[in-house]
Every structure is written in C-alpha cells, then in structure tokens.
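Working notes for the structure below.
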Amino acid sequence: MDYYKLANEYQTPFYIYDFDKIKERFDKLKNAFKARKSQIFYAVKANSNLSVLKFLASLDSGFDCVSAGEIYRALKAGAKNYKIIFSGVGKSIEEIEFALNKNILYINIESEAEMFLIEQIASKMQRSARISIRVNPNVDAKTHPYISTGLHENKFGVDIESAKRMYIYAKKSSFLEPVGVHFHIGSQILDISSIQEASKIVSQLLRELIALNINLKFFDIGGGLGVCYKDEQEPNLYEYAQGILASLQGLDVCIGMEPGRFLVANAGEFVTKVLYEKCNGEKRFVIVDGAMNDLLRPSLYKAYHEIELLSDNIKGNLSLCDIVGGVCESGDFLAQNRKLAPTKTGDLIIVKGAGAYGFSMSSNYNTRNRVCELAKENDKIRIIRKRESYADQVALEVEYLKD
Ligand SMILES: *Cc1c(COP(=O)(O)O)cnc(C)c1O
C-alpha cells in the first residue's frame, strides 16, 4: 500500500481498515462453531463506522449495541431488527422505549431494577419484551482491570442466584419473555480457560432453568477474545469453541457471540505524520500530528501498539524515543520507549492494531478535528468518513447573547 499517496490525497492523520481482513476473522470465528447453531453479534462500540457495520451486515452478522445510538447506527447500516441485541448497565427509559419500538431480538438485562423498568415500559406499550439476563459468574478474566467485567467487584451483570430469581419472575410476567442468558467477563482475554469456566457455570444455570420449565433459546457467551498487539499468543479458536460446546452438551441452544476487538483490531491502522523531533536532556521525543484524542488506548490503558516508521531516506542509528501528540497532557503518547531511526518532518508513522477502540473512542479534545477513515477492499481504497472541519465542531453550539 502506498501510504505516501494516501497521505497526499487525504492528508494525515487517518485510520484505514482492511475489510478483507475483517471478513477473514469473521469466517474463522463462525467456522469454529459450525457444529452448532450460532450467531455473531458484532460489538458495535469497537468500531461503529456505518460502512464497517454495513460490511458486517452483508456477512450476516448481528449487532451487540450498548446504547440506543448504536442501535440507530446498526439499523441505519441496514441491520435487521431481529439481529440486534442491547447490552449495558445504564439503559435509560428512552433507550429501552427505543429498543422495544424497534422490536430488536432481545435486551440483556443487568439488574433487577432494570427488569422491573422494562416490564413497566412493555406493559404501557401493551407488548412483551424479549429479554436475556447478564450473569456475572465471578470469574477472573486475567486482563487489564479497566476491561475486566466478570467479577462481583465489577459493576456488570447479576450473580447467579439473583439471575435465577429474575428468570422465575420474568417467566410469570405477561410483559417479559425470557429468551436467553448472557455473560461477558472482559476484553482482550488471552487465557480462554476463564471464558470456558464462565460457560460451565452459566450452562449449569441453564439446566436448572429447564428443570423449572424455563427454556432459553440463546446462550450468549459475550466477546472478549484477545488479539495479538505485540507478541501475545491469540487463543486457539477451535479450543475455545470446544470448551464452550462441551459445557452445552445435551442443550439445544443457539450460541450467541459478541466479538468486537477480535474482528477489527488488526484490520485497522492509524497513520500519522512526523512534525518534529526534539530532545529534552537525554529524552528523545518524536512529535506527530496524531494524538491521544485520536487514539486513546495508549494513554488510557498503557496499551501497546506496534509502530512502523516510513521514510524515503532512513539514516542513522536506532535510539529510544517516545512518539507523542500535540495535546496538552503529559499522558498524550502513542508509544513509549521505542527504538526508532532519526525521523524528519513529513515521515509517516504507522500505528498497527488500531481498528478496535480507536476512532470510536476519539474525541475533539483541544478542539482537534476528528480524523478521516478509509476502507480497503479488493485493493480498492475509499473514504468512509470525512475529516471533520472546525465548523462541524461548533455547529451545535448556541451563540451567547448578553441580555
Ligand atoms: C465491549 C463488549 C463486547 C466486546 O468486547 P471485545 O473485547 O471487543 O470483544 C461484547 N459484549 C459486551 C456486553 C461488551 O460490553
């Protein structure tokens, strides 16, 4: 790929996503579960660009949404309402009404209070809400604490005993229809034994519910599959599937999956341009035109992204440096302590593994325009989101008038 040509045509910084790679990952995951009925619900928050969603919808993906805004996006991208599910601990009344009005497949409930609210809203609408309950199985996903969600100390889901009580209640309600059970214990999980352990615990609940004549159709195992950013060993999908399938022996359910990062992380790159180099004493900095507002993961989680320097004329020895942006925060860096040859203004830096939680976490901090997004498919490149303008940024602000 000619990054310089792209940089000339679209300016920098930008994101570029390889749709063929997304498809490859999608097919791989789907295949691992081919022995059973399964449905992938792509986690929209990982990368919510409409073209990405539309492409995934064309592969028959469903969508896991964590806000009404994401449901809106999925529908706008052409997703079928019966392939959309709705998760999240803090759904508002308006969001629940929105989801019920759109008649999506089911809502993943995360507390008893939420269940009562959904029942109340459904009764007002004189209909029944399809629901699933997110169980917090209290297993340790052994990942970064900010993205660990399956322990009782995390805010997500309800414990098994509460879930059981809630299913019994929902089964009796005229306005609730329990159709599934759900868990999602964290993100960037490399040791899948924790997911398999969760699956075992939750499948046991499923069996207990069958004994109570509560028959659920969907066994939703969440997302969280880890990917390789540096030298991590990605989970073996076959083993992953086998572990889940083993816990479901004798149960007739459709396996729901909610991968986000797994499908898109390594299909995306963030491309930024070198502005300056400088040394503060011994410390070397390469200052680029992309920053933490464009790609927050390094600042937020100290996440590692592979860096590649593109230069028409690389000269000199490698030495350690930090690659930093222009935002007024010392925590604004894309990479730290990397060995890089001397750079010059106009060189390009490719930040790898940036397809997930990259653009979707970006902001306008420091009144910086959000960058443009490109897609590559069959060696053809097109723009899928234009770069913002300053006018876009202030468009919703209301002029201050002095009385
Ligand atoms: C964030 C999230 C996902 C996706 O997580 P990944 O680690 O990107 O696969 C899936 N399900 C729920 C409920 C989530 O909150």
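Even glycines carry a Cβ here, placed using N, Cα and C.
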Among Y229, Y238, Y240, Y357 - the residue TrEMBL places in the same substrate site as R261, R297, Y301, E329: Y357
Further pyridoxal 5'-phosphate ligand in TrEMBL, beside E258, P259, G260, R261, Y357, within candidate set G186, G224, G316, G325: G224
For the recorded positions K45, R261, the one whose C-beta sees the most other C-beta atoms within 10 angstroms: R261
Of E258, P259, Y301, binding-site residues neighbouring ligand 1, Cβ under 6 A: E258, P259
From recorded positions K45, R297, Y301, E329, the one whose Cα lies nearest R261 (pyridoxal 5'-phosphate binding site): K45
Among K45, R297, E329, which are recorded as recorded positions, the nearest neighbour of G260 (pyridoxal 5'-phosphate binding site) by Cα: K45
Cα-Cα distance maximum in Å, computed over every pair in R261, R297, Y301, E329, Y357 that the record assigns to substrate: 27
For E258 (pyridoxal 5'-phosphate binding site): DSSP state (helix, strand, coil): coil
Site diameter for pyridoxal 5'-phosphate, Å, by largest Cα distance between G224, E258, P259, G260, R261, Y357: 15
